[in-house]
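Notes to accompany the following structure.
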Amino acid sequence: MEGPRSLGSSRSLQPGEKEKDPKYWRDQAQQTLKNALRLQTLNTNVAKNVIMFLGDGMGVSTVTAARILKGQLHHNPGEETKLEMDKFPYVALSKTYNTNAQVPDSAGTATAYLCGVKANEGTVGVSAATQRSQCNTTQGNEVTSILRWAKDAGKSVGIVTTTRVNHATPSASYAHSADRDWYSDNEMPPEALSQGCKDIAYQLMHNIKDIEVIMGGGRKYMFPKNRTDVEYELDEKARGTRLDGLNLIDIWKSFKPKHKHSHYVWNRTDLLALDPHSVDYLLGLFEPGDMQYELNRNNATDPSLSEMVEMAIRILNKNPKGFFLLVEGGRIDHGHHEGKAKQALHEAVEMDQAIGQAGAMTSVEDTLTVVTADHSHVFTFGGYTPRGNSIFGLAPMVSDTDKKPFTAILYGNGPGYKVVGGERENVSMVDYAHNNYQAQSAVPLRHETHGGEDVAVFAKGPMAHLLHGVHEQNYIPHVMAYAACIGANRDHCASASSSGSPSPGPLLLLLALLPLGSLF
């Protein structure tokens, strides 16, 4: 992912002569206008397929910086580049707050954009009546997700993530937990276990037993305590964690019908060797914990997000009733938390490549694709940098206060806060282009925090126009369900067509403009 050119220096790439001609900008605007006018004909088809891409922590500043990085990796100035998500015709803003948090976390937000209800920070798949870490507030407050609604409608479903498969984002699609950190029973307090709560890995295998595709990290949570990992035999931290002695991989296999073809893989070679036409169920766990950053990825053992998405769609596409696929670029968030902007932005560029991969394999006529984030970060870039300045480079001037240079990328808080000799560190004395360089921050924290501003929602395909303004985050799955004629709000759907998929009713366009209501 380092790409065709080094981005270490502040050297800038200048735009071409064409940008000096007013005609260039006028022609570009007129073409954009023509494209916009074509959108007056709304796509009111029923969405056979729904794909949701979730960039964890991918705020608007991250999207912009990733766009520049993508362009610079292809020897361009970068600012004029289009991400795949930039090409989507509809954009909205999502209000990300949790019911008890102004600045949210990834669990409460996942419950919103997957289950259609806002929830408390740290909880997944439960309403706001559940208090974090309080097992006895869970029962009766469970809420189901669009993945469940799609499965109930006969569609195939899949989960692909670069984090653990039992991490906050994917877990809200299948689990109901008072605490996002209950990855296995090893991480649960005795009180919660005695009250009957189950860990998230256990719920992955038991709540919805026929999820067709599950790919990501998280191997160690599936095996008994101290079981040696297949890949990292000498690493104690990679060993199994389960106190109940269960082997959840064996349990996953046992739940699959004998006449179906189920495959468990733990490395890229085995994954790419699969023939998707002969795979009914796939479980791919490629790391003991989260997957490696894209810049650090071992090409022999770990697949890229794009490769996982391609395999997932090839498997799910076989269902004539369609599919729902959740794809998470989960380590954008981790890069930011560590103050490692280069890691975060390369994760975002890789997710954008996966978005392009999915687009090439599907059609906007029958596939609704939604790209969004759960929350933002206190990540910014500025400093009056010139056009084409390396996104990881220096601002063109020194501070007029401490007379030291500074990078364009900075964080509001985080581990990059450095004081040397009682003054801000001079960044020209360090390798600020290193993959793991921690950008300077205003406030010292071991882990940089989320940001509270709205995040973007990009949409294309059937009913994408319903994502059109400033929305509460929990509105998103209601739109996806409405478009696909799944879930509770199906009054606008006519009887199933001969192909097995619902067809639009005569009042579909009118009903598409009516309020959805609180029907989930």
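Yeah, the Cβs are placed from backbone N, Cα and C, and that goes for glycine too.
Feature annotations, reproduced from TrEMBL:
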ACT_SITE  Ser106  active site, phosphoserine intermediate
BINDING   Asp56, His167, Thr169, Glu328  Mg(2+) binding site
BINDING   Asp56, Asp333, His337, Asp374, His375, His450  Zn(2+) binding site
REGION    1-23  region 'Disordered'
Neighbouring recorded positions, C-alpha within 10 angstroms of Thr169 (Mg(2+) binding site) - of Ser106, Asp374, His450: Ser106, Asp374
Those recorded positions, out of Ser106, His337, His375, His450, that come within 10 angstroms of Glu328 (Mg(2+) binding site) at the Cα: none
Spatial neighbours of Asp374 (Zn(2+) binding site) among the recorded positions Asp56, Ser106, His167 [C-alpha, 10 Å]: Asp56, Ser106
Within 10 angstroms of His167 (Mg(2+) binding site), Cα basis - recorded positions out of Ser106, Asp333, His337, His375, His450: Ser106
Cβ within 8 Å of the mean position of the Cβ atoms of Asp56, His167, Thr169, Glu328: remaining residues of the chain near Mg(2+): Leu54, Ser106, Ala110, Thr161, Thr162, Thr163, Ala168, Pro170, Gly329, Gly330, Asp333, Asp374
Residues near His450 (Zn(2+) binding site) in space but at least six apart in sequence (CB under 8 A): Gly57, Val103, Pro104, Asp105, His375, Ser376, His377, Val378
Asp333 (Zn(2+) binding site) and Asp56 (Mg(2+) binding site), Cα-Cα, nearest whole angstrom: 5
Rounded inter-Cα distance in Å - Ser106 (active site, phosphoserine intermediate), His337 (Zn(2+) binding site): 13
Lowest local Cβ density among His167, His337, His375, which the record lists as binding-site residues, within 10 Å: His337
For Asp374 (Zn(2+) binding site), the number of other Cβ atoms found within 10 Å of its own Cβ: 31
